[in-house]
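Features as listed in Swiss-Prot:
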{"type": "ACT_SITE", "residues": "His363", "note": "active site, proton acceptor"}
{"type": "BINDING", "residues": "9-12, Lys23, Gln73, 78-79, 101-103, Gly140, Glu155, Asn170, Asn228, Arg333, Lys351, Tyr366, Asn377", "note": "UDP-N-acetyl-alpha-D-glucosamine binding site"}
{"type": "BINDING", "residues": "Asp103, Asn228", "note": "Mg(2+) binding site"}
{"type": "BINDING", "residues": "Asn386, Tyr387, Ser405, Ala423, Arg440", "note": "acetyl-CoA binding site"}
{"type": "REGION", "residues": "1-230", "note": "region 'Pyrophosphorylase'"}
{"type": "REGION", "residues": "231-251", "note": "region 'Linker'"}
{"type": "REGION", "residues": "252-455", "note": "region 'N-acetyltransferase'"}
Amino acid sequence: MVNKNAIILAAGKGTRMKSKLHKVLHQVCGKTMVEHVLTQLQAADIQNIVTVVGYGADTVKDALGDQVRYALQKQQLGTGHAVMQTEDLLGELAGQTLVVSGDTPLFTAATFNHLFQYHEQRHAAVTILTSKAPDPTGYGRIVRNEIGIVERIVEQKDASVEEQAIHEINTGVYCFDNQKLFAALKRLTNDNAQGEYYLTDVIGILKEEGEIVTAYQMEDFDESMGVNDRSALAKATKIMQKRINTQLMKDGVTLVDPETAYIDTDVQIGQDTVIEGNVVIKGRTTIGADCLIGAGSRIEDSTLHDDVTIMSSTLERSEVHSGADVGPNSHLRPEAELGENVHVGNFCEVKKAYIGAGTKVGHLSYIGDATLGKNINVGCGVVFVNYDGTNKLHTNVGDHAFIGSNSNIVAPVNIAADSFVAAGSTITDSTEQFDMAIARARQVNKPGYAKKLPW
């Protein structure tokens, strides 16, 4: 089996992005561009991957971790110079090496595999990945002879009128015979106006040496899109989102309006779940089967089991078990967990709390730092008072308890199972089973006193 290597070029600054963030670390559908490239290389069964870093090297290393090895390009002197920096790691190896830019998030593993296969079948020294561009302006053109053999790559500024009419373009991805690549790099010079070492010049060197130079033309031009500015980032995101949404629909998920379903790459959604319009689902969210995610919802890094309904609400790092429903207009903050058939109605907030099966929190309530048992009724306007100005404190509520509307539960307390908290109470002491707790001033009516008031 032929050894397969890859080099990811990720050293450039990307000034056109106008950003403090290194270009390849901008995200497309929840994953950085360079991570998209790495994921597809790994899916193509390429395990020996070197990333060339330079500007923002530490941040790129933080993003990719130990999944790859790194070569440092201290000065950005061109793509050929970048590949030279990998010689200590790759120079002595046999096999094939794919070179790809870290700002091309749309390439797929299938395309990489086809490129490798084409290259190997033709025993080439280098195979250029090409595509047909609807508008080739700005791209290097692939010039072939009368029998289709690649003669050269000509850049836009150097192209004749006839060459400018060519629609086959260089995508900037190459598959090299590894040893021939590094041998040719030793002959590479920077004798050009920019004083840089161009990887495309290696192709000319190999051609001069009589090596086989081929080009594999892929079908989907969109894959080759490089991202250099915010406009291109938005376009790449739209293309990626369409891919994600199309696959979800093929897998049995209903997207009412695919154009406004913003779903990240790593999200998983079960069959017969319905996603309405203007929904954002981010991070490593998993949604089960037969769920309904209502319009205007935002869900991030959360787990929803089967048959869950979320209406116009926000969930962050939360878990919702089967049969539960949330919203409209509620917020599950990190470490919220709802048991089976829990109802959290409108304008509620739950944070770092477990709510047991069958419990109902109807409206306008805050539950934080608490554990609630099963089949509890939490009335309107109940507040779990969890912060004393220094510490967050915990409250427990037992099964079948009833908490009346407009009550304050001041932590730390334990509301026992089957106990009853009267409406309007401020509870500061724990209760025993079957207690009724009432903590409010007795009402006093003063006859005729309202006439004396200034309103």
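Don't overthink the numbers, they just go from 1 along the chain as shown.
Placement of Cβ uses the backbone N, Cα and C atoms for every residue, glycine included.
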Binding-site residues compared (Arg333, Arg440) - highest count of Cβ atoms within 10 Å: Arg333
Distant-in-sequence Cβ neighbours of Asn386 (acetyl-CoA binding site), under 8 Å, six or more positions away: Gly368, Asp369, Ala370, Lys392, Leu393, His394, Thr395, Ala411
Cα-Cα distance linking Asn377 (UDP-N-acetyl-alpha-D-glucosamine binding site) and Tyr387 (acetyl-CoA binding site), given in Å to the nearest integer: 23
Sequence-remote partners of the region 'Linker' (231-251) [C-beta within less than 8 Å, at least six residues beyond its ends]: 17, 26, 28-29, 33, 36, 105-106, 222, 225, 258, 261-265, 267, 269, 271
Cβ neighbour count within 10 Å of Asn228 (Mg(2+) binding site): 15
Sequence-distant neighbours of Asn377 (UDP-N-acetyl-alpha-D-glucosamine binding site) in its chain (C-beta under 8 A, six or more apart): Thr359, Lys360, Ala401, Phe402, Ile403
Rounded Cα-Cα span from Asn228 (Mg(2+) binding site) to Gly78 (UDP-N-acetyl-alpha-D-glucosamine binding site), Å: 16
Length of the line joining the Cα atoms of Gly102 (UDP-N-acetyl-alpha-D-glucosamine binding site) and Asn228 (Mg(2+) binding site), in Å: 11
Glu155 (UDP-N-acetyl-alpha-D-glucosamine binding site) to Asn228 (Mg(2+) binding site) - Cα separation in whole Å: 18
For the region 'Linker' (231-251), the number of residues DSSP places in helix, strand and coil: 20 helix, 0 strand, 1 coil
Among Asn386, Tyr387, Ser405, Ala423, Arg440, the record's acetyl-CoA binders - longest CA distance, Å: 22
Where Gly12 (UDP-N-acetyl-alpha-D-glucosamine binding site) sits in the secondary structure, as DSSP reduces it to three classes: coil
Among Leu9, Ala423 [binding-site residues], residue with fewest other Cβ within 10 Å: Ala423
Cα-Cα distance linking Ser405 (acetyl-CoA binding site) and Gly12 (UDP-N-acetyl-alpha-D-glucosamine binding site), given in Å to the nearest integer: 60
Rounded distance in angstrom between the Cα atoms of Ser405 (acetyl-CoA binding site) and His363 (active site, proton acceptor): 10
